[in-house]
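Worksheet: one structure, shown below.
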Amino acid sequence: MQIEKTHLAVFSPTGTTEQVLRAIAPYFPSLSHEIDLCDYQSREQMHRFGKNDLLIVGVPVYGGRVPIPARERLERFFGNGTPAILAAVYGNREYEDALLELKNLLETRGFRAVAAGAFLAEHSIVRSIAAGRPDAADLQKINAFAEQASNKIEGIDDISKEPELFVKGNFPYREFKGDPFDPHGFKSCTGCGICAAKCPTGAISKQAPWKIDKNRCISCMRCVKVCPNGARNLSPVKYASIRKMLESKCKGRKEPEFFF
Ligand SMILES: Cc1cc2nc3c(=O)[nH]c(=O)nc-3n(C[C@H](O)[C@H](O)[C@H](O)COP(=O)(O)O)c2cc1C
């Protein structure tokens, strides 16, 4: 089939999911539209796609699931037999049901998943886990994935006749109620408001950015990463216990998995 336009949609609070998608995108024609699913201001925007569009979509894995705001924003996407390439990016624990959830979500919205991958990246909460990933070896695999997906799409005559894509995961999905880590500003916070402007859920007030709305915060760690003064983080006691717990669960190097 002929792709006329390629669209990228990514929810990437700390940038690694975006890194993976940007390595995939050059294998496809006419990248014409990028949708930042982290942008709180445009969270209610609807997006419509046609038969000759291609959607490349990526989300990080949170508790083995698609992050709730990403899911809510993707529920405003409308496909029309539109082919989609899916990426779930995780921090070397497990991806569990996230890729299946992403596939089911998009397929109920009129897309057809043609290729999917679970990719590795540094853990955004404890960045020493899978540090530096995606690395050179990952990028080689990502390129091979993109090339194979591109060849597959080229060879499709009628997408409605394609067999359903199998991806790993279970339904009903595992339960994930969120991680209540609530990163907040320390004394060195200058109140510049960068974190408030970048927060994907509007959980940080521009007037008092050192505070956090615990009901909206998804602990995505974006505020910690973007703070120019390193003035935002979890409380040291909380961080130490999360680190210990995650280090015991994220042992050994995991490798990307692909589905065609
Ligand atoms: C709230 C939260 C939950 C997470 N849950 C998982 C998980 O279940 N499994 C895993 O391997 N990594 C998990 N991670 C790590 C992220 O999936 C991983 O670091 C990802 O690369 C972050 O993507 P980003 O850089 O695009 O934000 C979690 C991270 C956060 C912030």
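Residue numbers in this text run from 1 along the chain shown.
Just so it is clear, glycine is given a Cβ too, placed from its N, Cα and C backbone atoms.
If you look up TrEMBL, you'll see 6-150 marked as domain 'Flavodoxin-like'. The domain '4Fe-4S ferredoxin-type' annotation in TrEMBL covers 177-205, 208-237.
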> So what's the average pLDDT for the domain 'Flavodoxin-like' (6-150)?
Replying inline: 97
> By a Cβ-Cβ criterion of under 8 Å, what residues six or more beyond either terminus of the domain '4Fe-4S ferredoxin-type' (177-205) are in contact with it?
Replying inline: 11, 13, 37-40, 62-63, 68-69, 125, 211-224, 226-235, 238, 242
> Near the domain '4Fe-4S ferredoxin-type' (208-237), which same-chain residues lie under 8 Å Cβ to Cβ, leaving out any that are not at least 6 residues past its ends?
Replying inline: 13-15, 38, 60, 62, 67-69, 124-125, 178-196, 198-202
>> What does the DSSP secondary structure composition of the domain '4Fe-4S ferredoxin-type' (177-205) look like, as residue counts for helix, strand and coil?
In response: 5 helix, 2 strand, 22 coil
> How many of the residues that make up the domain 'Flavodoxin-like' (6-150) does DSSP mark as helix, as strand and as coil?
Replying inline: 45 helix, 44 strand, 56 coil
